[in-house]
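Some notes on the structure that comes next.
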Amino acid sequence: MVVSARSWLANEGGKHIVLVNVVDASLGMTFLIYSTGPQYYYLHKMLGLGLCISRASASALNLNCSLVLLPMCRSLLTFVRGTHKVSSRKMRRLLNKSKTFHVACGVAICIFSVLHVSAHLVNVVNFSASYSDEFPALNLARYRGEVRDSIPGVTGLLLVLILFLMFISSLHCIRASYYEIFWYTHNLFIVFYAILMMHIVGGALKYQTNMEAHPPGCLRSNQSSTGHQLQEQEPAEDGGPRCGEEPHFQHHYPQTWLWVSAPLCLYCAERVYRYIRSIDPVTIVAVVQHPCNVMELRMLKRNFKARPGQYILLNCPGVSSFENHPFTLTTCPFENKQTFGIHLRVVGDWTDRFTQLLLPPPKLGLEILPMVQQRRYPKCVIFVDGPFGSASEDVFNYDVSLCVAGGIGVTPFACVLRALLDGWTGVKLRRLYFVWVCRELQSFYWFADLLCALHQKVRRNYFLFLYNNLGLATLGKQKEEKYQVLTPRLQIGRPRWKLLLSDIGRANTGKRVGVFCCGPKGISRTLHRLCNSNPHTGTTFEFNKETFS
């Protein structure tokens, strides 16, 4: 966008008339703003700068409002990720950043909204203070000093309010403690886009339609009494052209819908497809109650296919008709077993109410080991949407992989371990390092049977490390002798990540090691930093963080 100004001395009272010529290269339009009075230089600076900032920020908002929807097309991203002929390893790693890209677009929308609103506040005040009697078509106010409300103004305030609610509820402290607030306020994006389409109606900026008859810089003539056509006069003494007619202005053509229509239609089509796919009935096969407030849900659904590392969205109308919560698959359907399962930790209102629908209130002094509840669940109707791809799918695409789990973050890798135990074929993986860090010792019982079976079967190419932060006890002191094989792998304290990566680097010199993490931010940040610093020369560590988009 380019701003230029020219001024002429008119014959009417010796007043200055300044023409601010705002050229928007992206739209191919010219906006003309006329102002009179001795403060024309000040008005040129303020009006030109305000319009430039408002138009530039509007273009940036249009771009980000269109891009922010693409990472939410989960089915499309899963298809691209699973198409190996199209999706390379670098492409899949970029797809793993879809949530980060979505957040970045959201932050950009907030920043440019502040600039856009601030610039338009300056524009409104200046347009009101610079009321022109000579060019009434350009005025926003009906008289000097008036600040009128308009469709862009009212809709702009509504958009700012919705955006503020979405931004506040997206903060980690609110999203982690009050997920329901985050979910419902984030779904206001439907109202946001509907108002956005109305926001572009009747804008403040106009362009001139008769540039040939009234070129910029021409000197005005006295209007005849018989018509709108101006009398032709001789050229001015300074050589400036005379106007053929009065300037005519109209609002410029709306551009926002050109930016957001395609991504919005794509997102709506995907949501319709996902709704049709998710309405198939789901049968609850069994519910397993594990220690440390963890519940395992085993389900059966017709034509449900999934790969290890993927996740689903679970909806229970008995708890909330609109909330969909992501859960990683811990059991995938195979040829000989069509059931699939998830592990969920009972934290928060939704999981607590969902657990009460599936299981009766627990009695005092229940057993420590898992308890299987096998019965019918006629009152608990659930819907499953998915599966969707995640970073953990790429565990099998490396020769050597390091999987690091923190607490309930073990769920993405549980399905990977089951696939290895069931003899998953056609994979590139030849060596796997699995590290699991838990605060409570009883958390290891969630997948103790799986770890024992896998350790006995593929111990040569499978390395298990268990860490108990609190150092309460060892598994060997428990009554279950079948878990004795895990006792030598259990260590008290926190892992020494730098030493661990150095040992893995020396054992796999010249290879590319995929590092996969699902757990607290402290662990992921440390591993990300160590992978980028390349602690062992000759070994490349590629960090992959498990996130739900």
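Using the three backbone atoms N, Cα and C, a Cβ is placed for every residue, glycine included.
What TrEMBL says about a protein is an automatic prediction, not a curated fact.
Annotated range for transmembrane segment in TrEMBL, selecting from 56-80, 256-280, 431-455: 56-80.
Confidence in the domain 'FAD-binding FR-type' (277-394), given as mean pLDDT, stands at 81.
Residues in the domain 'FAD-binding FR-type' (277-394) partition by DSSP class (helix H, G, I; strand E, B; coil) as 16 helix, 44 strand, 58 coil. Listed by sequence, the residues of this chain that lie at least six past the ends of the transmembrane segment (101-122) yet keep a Cβ under 8 A from its Cβ atoms are 46, 49-51, 53-54, 57-58, 60-61, 64-65, 67-68, 71-72, 156, 159-160, 163, 166-167, 170, 204, 549.
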